[in-house]
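Participant: Below is a structure I'd like to ask you about.
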Amino acid sequence: MASSTPYAAAGVLAVMVAALCLHGAAAQLVEDYYDDTCPDAYDIVKQTLIEAHQSDTRIYASLLRLHFHDCFVQGCDGSILLDNMTGFQTEKEAVPNMGSARGFPVVDAVKAALEDACPGVVSCADILALAAEISVELSGGPKWGVLLGRLDGLTSSIAGANNLPAPFENLTVLERKFSDVGLKDLVDLVALSGAHTFGRVQCANIADPPADRLYNFSGTNMPDPTLNSAYRAFLSQRCPRNGNSSVLNDLDPTTPDTFDKNYYTNLEVNRGILTSDQELKSSPLAQGRTAPIVDRFAQSQDAFFASFAQSMINMGNIAPVTDPSMGEVRCDCKMVNDDS
């Protein structure tokens, strides 16, 4: 009989954990998916996020954005977390993500804590869904029951990531991109855009082509006429022409780290920082369509919170992987499992 050593035991444990990570059970998404297999999953994610926030006040908004950018590309499958691998270029290098998508080390920390507690159980895609809800709640926003049971996808799509809704796009394009992923109700578009009630945005997205609202909007050599003049003057000081494109600005200048309805009250007075934001209120096409939804959310935070929670559930249901032949529970969120 072979002698038992710490190294041998560790090797056996590693094999067992790897085997656990390779398999998943087909299921529909449900709130109590981990109640038996990892009952402390929610609390573990929450505690890790609270600790991360102590040194990074932007992290909650960043994690919510990761979930959004994940779900809009191939569905909510954790593809945004993958590094480059044979045959696939990482979505992290797509234009909408390069230099702005952040929070990956926190996701890794959450995964490590969950692997310590319940190896091979909680998927990276579900970590993003849980982190999004917890981030909103900890920032003063609504709480909702997160549907769980996603497996992690095996591929990434930089082409899909390069087609994410963009800050310079008009209402027609935004509606089409939301509809293309199954979010056909305009309430989803307006409510999910409300995620811009906290977080930061780089000057590139308001002062550089094709997103320039301050100096040469749509090739007019004039500022965007729907941008409040005093707010434009303020932004121009922070983002001068040909200045540093990476300078950060508050998405919501009133309560930049709080999840509330002020995003919509800003739109009411033409203080939406992105073209895609102000389009919801000021576009001619918005009248009778998205503008009344903006008005309703500006008047009632309860209405916004209720709609946002439901829209997050709707978004979380975009093409989840539940078939074990199509996905897995990754051991490391940055790479697919090695099952050779």
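Cβ from N, Cα, C; glycine included.
Note that TrEMBL annotation is computational and uncurated.
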Participant: Pick from Cys118, Cys124, Cys203, Cys239: the cysteine that TrEMBL pairs with Cys333 in a disulfide bond.
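Facilitator: Between Cys333 and one of Cys118, Cys124, Cys203, Cys239, TrEMBL records a disulfide, namely with Cys124.
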Participant: Which one, Cys38, Cys71, Cys76, is listed by TrEMBL as the other cysteine in the disulfide with Cys118?
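Facilitator: Within the candidate set Cys38, Cys71, Cys76, TrEMBL assigns the bond with Cys118 to Cys38.
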Participant: State the disulphide partner of Cys71 as given in TrEMBL, choosing from Cys21, Cys76.
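Facilitator: Disulfide pairing in TrEMBL: Cys71 with Cys76.
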Participant: Relative to the Cα of Cys124 (disulfide bond), which of the recorded positions Cys76, Cys203, Asp252 has the closest Cα?
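Facilitator: It is Cys76, whose Cα lies nearest.
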Participant: What average pLDDT does the predicted model assign to the domain 'Plant heme peroxidase family profile' (28-337)?
Facilitator: 97
Participant: Measure from the Cα of His196 (heme b binding site) to the Cα of every one of the recorded positions His69, Cys203, Asp260, then give the nearest.
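Facilitator: Closest by Cα distance to His196 (heme b binding site) among the recorded positions His69, Cys203, Asp260: Asp260.
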Participant: Could you state the whole-number distance in Å separating the C-alpha atoms of Cys333 (disulfide bond) and His69 (active site, proton acceptor)?
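Facilitator: Approximately 15 Å lies between the Cα of Cys333 (disulfide bond) and that of His69 (active site, proton acceptor).
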Participant: Cβ within 8 angstroms of the Cβ centroid of Thr197, Asp252, Thr255, Asp260: which residues besides those meet this for the Ca(2+) 2 site?
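Facilitator: Checked against the 8 Å cutoff, the neighbours are Phe198, Thr254, Pro256, Thr258, Phe259, Lys261, Asn262, Tyr263.
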Participant: Which of the recorded positions His69, Cys71, Cys76, Cys118 has its Cα nearest to the Cα of Thr197 (Ca(2+) 2 binding site)?
Facilitator: His69
Participant: What residues, ordered by sequence, lie under 8 A Cβ-to-Cβ from Asp260 (Ca(2+) 2 binding site) and sit at least six positions away in the same chain?
Facilitator: Gly140, Gly141, Thr197, Gln301
